[in-house]
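Visitor: Structure incoming, see below.
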Amino acid sequence: MTTETATPTVNAAKASARDAIKANVREYGLIIALIAIMIFFQIMTKGVLFYPVNLTNIVLQNSYIIVMALGMLLVIVAGHIDLSVGSVAGFIGGAAAVLMVDYGFNPFIAAVLCIALGAVIGGVQGYFVAYMKIPSFIVTLAGMLVFKGLLLWLLSGRSLGPFPVEFQMLSAGFIPDFIGPWTLVAPTLNANGGPTPGTGIVLHATTLLIGIIIVALMLFFALKSRRNRESHGYEAEPFGFFIVKNVVMAAIIMFLMYKFASYKGLPNVLIVMAILIAGFVFLTKRMTFGRRIYAMGGNIKAAALSGIMTERLTFYIFSIMGALAGLAGLIYAARLNQATPKAGLGMELDVIAAVFVGGASAMGGIGEVAGAVIGAFIMGVMNNGMGIMGINIDWQQVIKGLVLLGAVAFDLYNKKKA
Amino acid sequence: MSDYILEMRGITKVFPGVKALENVNLKVRRGDIHAICGENGAGKSTLMKVLSGVYPYGTYDGEIYYEGKECRFTGIHDSEKLGIVIIHQELALVPMLSIAENMFLGNEQATGGMINWSVTRKRAHDLLRKVGLREDPDTLVTNIGTGKQQLVEIAKALAKDVKLLILDEPTASLSERDSQALLDLLLEFKTQGMTSIMISHKLNEIKRVADQITVIRDGQSIETMEREDVTEDRIVTSMVGRTLENRYPHRTPKIGETMFELKNWSVHHPIHPERQIIKNVNLTVRKGEVVGIAGLMGAGRTELAMSVFGRTYGVNITGEVFLHGKKADTSTVGKAVKAGLAYATEDRKVYGLNLIDHIKHNVTIANLPGVSSKAGVIDDMHELKVANEYRRKTNIRSSSVYQITGNLSGGNQQKVVLSKWLFADPDVLILDEPTRGIDVGAKYEIYTIINQLASDGKGIMIISSEMPELLGICDRIYVLNEGRIVGEMEAAEASQEKIMRAIVRGHAREEQLEAAS
């Protein structure tokens, strides 16, 4: 009643740089927080954090969390929760081990079967949530217990491995260097005539090339969308701000690519993650499917009366979550090179924390894929940094818990102020 | 003691970016019923929140004198202690608690934290009698209708020893009969010496009960008039700042062939399937025609509309829907929309809008394929164009299409709901209480949109509890009573009396049928 302004200003004067920064602070606040945390640990670990090998490690350590956070974002935006994903991931990892190690399945076929099984598991839980109207908290709590038990049964309490080499490559492999290594500074030779590790600068050229392509594509699409807005007569952010923003983004991407290139190049699992992240950003931002999820999470009754098949949509969301939990289970198993009865234990909490740190609302209807991914990295970098610093696991937990609470409280405070 | 129980002087309240109140003065005489009217967004509710301490002293400028003493409330507790009680527009009752528990919520009849149930019940019982509500104090609030809930709110206020009762649009969600009862109650309290402030949009109510009327426009107090000087025209002119010659815009009907037809439509209650809610309804809507559905609360009007629209209400639905002479499948919302139907709900906040999202996304949600490729990729620019187009067409007042709908006023929210359904491009629109709780100016705009749709050749069905509205904008009116059509009349020949007579006759007939069976 009171917050209404009466003058339409759509095509009003171009937004000033200050407005643009204001509008973007919220959007980029998370990235800035992540960068700040990385710099903090870079200093606290005396430069270890940004070692190429450590950056690669951070990606590998968090890959399965991020893969599941993508699905969890959809679930949470839809107004639900999935507590079963850790158990499901563990169970699928066990199933993969049984198929490949015990029965000698082809790794590729086994992987496809496992992801499909994950989708079915998610679908069954989704059925109970969507059609039987049982709260997702209860359904997935049951699922968590069931699959934790099934994993123990499946492995009969033992660890199962090792996996075929091709399967290990999912988590341990790096993309091949098609162009060949690019030696900037030749490493010193050791007694055997081989290069001494840690000397010289030899870069993974394909990784650098991919970095350049990504930056080029990013700039191309940013410019195109800006042109598009302008040609339709809508205001765009000031050109100077636009330039600074994109140059900073490009610099960050190239910096990371350079780091990866000076180790072994891009990990395979990062490629899988990148494709999934891009796909989910597109799904949530540009596709009708994604839009309907936000509409449903915002007001399910209004969504249903607008013709959205809310039950079917919920069913699909849980199926997708299940498939991603399956994939995450494979990545985790491949990383350990064995399936263990304890795999996946408590993983769901990391996944859910990542999504909430990333700005999603527990009430549904609000949340972004990019936020969830950055949220996962914030938690991941803290794990990694505190580990290097030698902080005990007990205090690590305390600090992570406080960061989760603080992040959400800060977000709510900001929203209230706005 | 002065004649005035309350004086608010030079109240100014600023929100970030918006001046909600500017130098507002209000004087209320002891024992009066003082009406405050103004358009939505004029600042009426803000003023009442300042008065009741929701906005504490220090967050506004100006002075409040109550019983001759200056008051600096730090919260709602302070004002309640002095007997100032506000009843908000949206009822604040807890549905799963009993009437008595609700009445003494926060004011429990307790000693040392132990609730004394016999005193609670006894007092509740007495207070309920005072407001004329014959219900057991142990009945759950969820089991009584809106009209009765409003009475519980008033009884709750009485339990706090109220001296100044503030009612924010008390009859907005009440039927004609319940509204009359409520107004009678206010008049009765007045004879007992209570002072009331009533915020209302309904000019006939104001004229009926108010002793003085203060009009607020754009955050400023425009004028205060005495009952004798009040005419509807004067209130309306002062509210909107211009003269509205006619509250219903004129339209020359161009009525074509039958577009929508409902045949032998029957619906049963979803929880008690033995109860028939809609009984063998037949009705038609023609091209370019505005058809009204009149009836009292509980007549089954919303249930009728929702059962047709994707069977979103009821079970054991029988009957046929015809669109353009062909039998249509409206068994899901998706199919109903595809067949050319649209239904804008009665309660826009609960069923109409995603309040945490902006206008643009709300406008396109019922017709996403209209702004996306076959593969389901949304064309952002196209969507923005559509949203801006409908924002202009329906005159939504907002800073841009990126304004969150939860921050819009009722009238503008309703325009967003209408935009959503207009973009779905239906042939037949069912509008359920399209102007409930919105001010005169916005109502006029909604009527203009409805007229425009009719002249564009759409068929329109309007459900409304306000009979003058139906008489003002419809071409033909059906009267629904207890799920049965009990009358059909051309608007030109209809009158409030005729509609009421049809309802009364319907009641009698229903009783006969019951006796016979």
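Glycine residues also receive a Cβ, built from the backbone N, Cα and C atoms like all the rest.
Copying in the features that TrEMBL gives for the protein in this structure:
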type	residues	note
TRANSMEM	A:28-51	transmembrane segment
TRANSMEM	A:58-77	transmembrane segment
TRANSMEM	A:83-101	transmembrane segment
TRANSMEM	A:108-128	transmembrane segment
TRANSMEM	A:134-155	transmembrane segment
TRANSMEM	A:201-223	transmembrane segment
TRANSMEM	A:239-260	transmembrane segment
TRANSMEM	A:266-284	transmembrane segment
TRANSMEM	A:313-332	transmembrane segment
TRANSMEM	A:352-379	transmembrane segment
Visitor: Let me spell it out: take the transmembrane segment (A:108-128), skip the flanking residues so only those 6+ beyond its ends count, and list any with a Cβ under 8 Å from a Cβ in it.
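Guide: Long-range Cβ neighbours of the transmembrane segment (A:108-128): 82, 84, 88, 91-92, 95-96, 99-100, 134, 136, 139-140, 143, 147, 166-167, 170, 314-327, 329-330.
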Visitor: Under 8 angstroms, Cβ to Cβ: which one of A:28-51, A:58-77, A:313-332 has the largest number of such pairs with the transmembrane segment (A:83-101)?
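Guide: Answer, by Cβ pair count: A:313-332.
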Visitor: Using a cut-off of under 8 Å between C-beta atoms, tell me which stretch among A:58-77, A:266-284, A:313-332 contacts the transmembrane segment (A:352-379) the most.
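Guide: Answer, by Cβ pair count: A:58-77.
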Visitor: Looking at A:28-51, A:58-77, A:239-260, A:266-284, which one has the highest count of Cβ pairs under 8 angstroms to the transmembrane segment (A:313-332)?
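Guide: Per the Cβ count, the answer is A:58-77.
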